[in-house]
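Below is one structure, written out as structure tokens; the observations come after it.
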Amino acid sequence: SMASPALLMRVVASAYSVAEKAAKIVRNVMSAGDLGIVEKAGPNDLQTKADRLVQMSICASLARKFPKVTIIGEEELPTDDVTEDLIEDGHCEEILKKPCPAQYTGIKEEELVIWVDPLDGTKEYTEGLLDHVTVLIGIAYGGKAIAGVINQPYYNYEAGANAVLGRTIWGVLGMGAFGFQLTEAPAGKHIVITTRSHSSALVNECITALNPDAVIRVGGAGNKIIQLIEGKASAYVFASPGCKKWDTCAPEAILHAVGGKITDIRGNPFQYNKEVKHMNSAGVLATLRNYDYYASRIPNTVKESLVP
């Protein structure tokens, strides 16, 4: 008989279904019309009813199946009983059928940390820029992002009434990433993607130093990594604190699974063990290819003003 699937594959298969459920919640809150917006630290730091419901759904659903896994979500929420309609018990069969990479077959529940951004691109969500929005579930082991699920609830939303809305991208280190068409940015073109609502003198100084052919300003870390793996941008550059571990964990796993690279602006890898501080204080530099080209052009003045 077949051995039962390794824990990691069971977690990823569940996270896939949990992310699809999350996408439905995101779409339902939007179509119901009452977003329930709360300002957290200011007008660029918002929380909606969707952020709250999705986080409860993701965390409660995964905690029920994997009680010893550490789950860290973006939102500070009361740990009240979550209503049953928010629980997703399913899993993706196709993922369970794939063999787990050998280096991860012995993982135990208590060794995993799951970083959850229930709605990445909240500000854009409230402004109707729906293609910027993602749901992020990142899975870390030994402080490293090893698997991730990114759902885009509104993928295809401008493709007409009959289009299938939403998609789920997933990946595991040593296995690859699935649910999209891997594409490299045009050779010799330097297209930099960066923040839309968190710009600063430092952010702009860093981009200018790269002498890009084009600059794309969009919301959401998940969205920016998708632009890299689909060849719309060649580098994601954010010379500022503000990004958090739940923004980068799932995208990092998917990017690394297809041979890309993400670090802070100084070239340090991110750590995802449960004790780590949540803020990525030294910014973000990510590419699918040619990481060294961009890393070598980050000015020292920028690096010195960002302390990890």
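Glycine is treated like the rest: Cβ placed from N, Cα and C.
No curator has checked TrEMBL annotations; they are predicted automatically.
Taken from TrEMBL as is:
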- E74, D117, L119, D120, D247: Mg(2+) binding site (BINDING)
Note down the number of other Cβ atoms within 10 Å of the Cβ of D247 (Mg(2+) binding site), including every protein chain shown.
27
Beyond the site residues E74, D117, L119, D120, D247: chain residues whose C-beta lies within 8 Å of the centroid, for Mg(2+):
D51, V116, P118, G121, T122, T134, V135, L136, G220, A221, G222, K244, W246
With the cut-off set at 10 Å between Cβ atoms, which of these binding-site residues ends up with the most neighbours? Options: E74, D117, D120.
D117
Which residues of the same chain, at least 6 positions away in sequence, have a Cβ lying under 8 Å from the Cβ of L119 (Mg(2+) binding site)?
V26, T48, A50, D51, V54, Y125, V133, T134, V135
